[in-house]
Structure formats: structure tokens, C-alpha cells
Amino acid sequence: MGNILRKGQQIYLAGDMKKQMLLNKDGTPKRKVGRPGRKRIDSEAKSRRTAQNRAAQRAFRDRKEAKMKSLQERVELLEQKDAQNKTTTDFLLCSLKSLLSEITKYRAKNSDDERILAFLDDLQEQQKRENEKGTSTAVSKAAKELPSPNSDENMTVNTSIEVQPHTQENEKVMWNIGSWNAPSLTNSWDSPPGNRTGAVTIGDESINGSEMPDFSLDLVSNDRQTGLEALDYDIHNYFPQHSERLTAEKIDTSACQCEIDQKYLPYETEDDTLFPSVLPLAVGSQCNNICNRKCIGTKPCSNKEIKCDLITSHLLNQKSLASVLPVAASHTKTIRTQSEAIEHISSAISNGKASCYHILEEISSLPKYSSLDIDDLCSELIIKAKCTDDCKIVVKARDLQSALVRQLL
């Protein structure tokens, strides 16, 4: 085998054996391992890495599926909004056309009316073409072509949407309505009936919207009155296409006075209390009543929700006032003046006896008010009212107080 040379802990084999062996501390050679620099494969670590890779892939697929689901929901929401916008646009177009047709009954048709009608026709034609193209179906088709979570990641998706080029026709349809100014309308009440047509002044006939005259509507007469008080005369229409005579007469309100009989006025019940004992009938600092500018109550308004059976029965259940209001007491006193009614209501509030029926009894006894006034009061209150869990209509005390001041007192 050749000579053996010992040098430290190493043994060098001479001759044919040129192998190197390491010895332990006790002189025994160490166990031979594989190639130097390589580690033994750990099957447990390999299985752990495989499980981690599978978990990462599964999480990626879940995130991708959630993203696709959210995109589909957004597409559906946009489609619903688009359909709602189209419905609203159609309704506004029809309303505008009907409004123009009504206006032409009272004045002559001018070039601006024809221009608006032409614009509406073009807009309807454009919407019809868009509906035929089916833009909504194109969006849904693009959503269907999106890859599923189990499909190939390298697959390309065509999500392009066709866009119409900007042409002169589109520019005509997108004509700005805000830049158009209607002709000037001026009311001349002092002119004779034969000269009433002179109140409408037609502006320039130019089609350019920027050169149109400004729109001004002046409905103030010479005596500075507005509303129905200034319409105490006949209005005649002298247009040749409408030869019928239109007459506006003053309404006689004497027949509607005191329509609520005293026998239907109520007695006070504990459950029908509409006002708390300290609720005023006028808004704190803005005590500016029509009734002699007199404040009713001393403490500020309350936000307490008060049940109002009158609105529940009269408006929602479609019951008449005679059936809603119970029979009044025999000692009910008829009040003739508004100041007396205010004094009675003030005393009732100060004594803590104010109720819904008590207020109606005081108000309906006045010749100035009728069931129509009570309907107006209910119509204003129902805007700010809300329904409770027990199907009762409640109104805040502050809203009720301001409604009484505006509508009745």
C-alpha cells in the first residue's frame, strides 16, 4: 500500500491510494459523505415550500376573482344609471315640448321656439341611434370576454369601446341651451285690451344665440301689486289662430267661509294634544305676526315630535273633515275677530290646554278661514312630517308653529 506519513490529524496515503481522510479526536476516521459542498435533500422543507407556493397561488386566484366580481358590479351599476339618465332625459324632452305648445297658445310662435323644437328633434334622433347601436350590450359583452380565474394569464382581452368622432352634426346637437336668451316679455296692465299683444316684444331674428336679447319677465303692475289681486279684469286673446275669448274673473270666496259647522268642532282629549304647555305660536326673535304683531308664548320653540291625527286621517286615509273632527261641546263660543282668536289660543297655551282640535276650533270659528285653509295647512305640514313605527304622522313643534304663522295667523 505504500508508505504512510502521519502529520497532525491528517493521513496521506502514498502510492495508488490518493485519498484524504479526516480523523476524529480518538484517531478513528470520519464517516465518508458525498461530494464535498453538497447538502442532503430535506424532504420536509421541500413539502413545506410546495404548500406555501400552492397557498400563494390560491390567494392570487381569490383576489383576482374578487376584483372581477367588483368590476362586474360596477358595470351593472353604470348600466342602471345610464338607463335612469335616459328615462329622465326623455321625460324632460316631452315636458319641454308640451310647455312650448302651451306657451304658443298665449303668444305668437317665434324663431326661438322653432330653434328649440329643432334641437329637441335632433337630440331624440341621436338617442335613437345610440339605442340601435346598443352601447349597453357592448359593455356587457366586453365584461363577458374577461378571463375567468382558471383561464390562461397570458390571454389578452379586447375591452375597447367604439367612440363616435366629433362631427358637425354632433356639434349641432350639443348646442348650448344656456347661451340662448328668450325674447323680452313685459306686462303692461294699463294698456287697453285691444293693445295687449304689444306686451310681447320679439327680439332680433338672428339665429346666433349670443346675439339674442336678454330674457326679462316683469309681472309688476303700476300699483305695485302682484299675484291674484291685480287680475280683477278680463283678459282677451286676439291671436287669429285662437279666436276663443279667455276671461279671468275674480274668485268669490264668500261661499267658502265658515264651512265647518260648530257642531263638528271637537272636545279636548288627552291623547290628541298637539302643543305642549309652553309652546309658542310665533318664532322667538322673529315675532312678526299679521295678527297685530303680537307674540304668543314666551319660551323658545321645541323640537318635540307631536302626533297629528288630522293629517293621518284627513290626508292619508282620505277622510272628510266632518268625520275627522268629533262633535264639539255645547258651550263652544263663536269668535268673530282674529284678535279674539289669538287671545283664546294664548290663554289655552298658557293654561296647558292647547290641543289640535282646540286650535282648529278657534281658527274655524273665524269667517276668514274655511276648510281650504286647513287643507293648505296640512299640505305644508306633511312636507316636513314623518311616519312613526306605529303608523302615526308626527310633526316637530317648530315646523307646526311656523306653518300656523304663515298659513293662518
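In case you wondered, yes, glycine gets a Cβ from its N, Cα and C as well.
Given the structure is predicted, the values throughout are model-derived calculations rather than measurements.
For reference, Swiss-Prot has these:
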{"type": "MOTIF", "residues": "17-24", "note": "motif 'Bipartite nuclear localization signal'"}
{"type": "REGION", "residues": "26-64", "note": "region 'Disordered'"}
{"type": "DOMAIN", "residues": "43-106", "note": "domain 'bZIP'"}
{"type": "REGION", "residues": "46-69", "note": "region 'Basic motif'"}
{"type": "MOTIF", "residues": "47-54", "note": "motif 'Bipartite nuclear localization signal'"}
{"type": "REGION", "residues": "71-99", "note": "region 'Leucine-zipper'"}
{"type": "REGION", "residues": "127-156", "note": "region 'Disordered'"}
{"type": "REGION", "residues": "356-387", "note": "region 'c-CRD'"}
{"type": "MOTIF", "residues": "372-379", "note": "motif 'Nuclear export signal'"}
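Taking DSSP states H, G and I as helix and E and B as strand, the region 'Basic motif' (46-69) has 24 helix, 0 strand, 0 coil.
Across all of the domain 'bZIP' (43-106), the predicted model scores a mean pLDDT of 90.
Within the motif 'Nuclear export signal' (372-379), the DSSP-based counts of helix, strand and coil residues read 8 helix, 0 strand, 0 coil.
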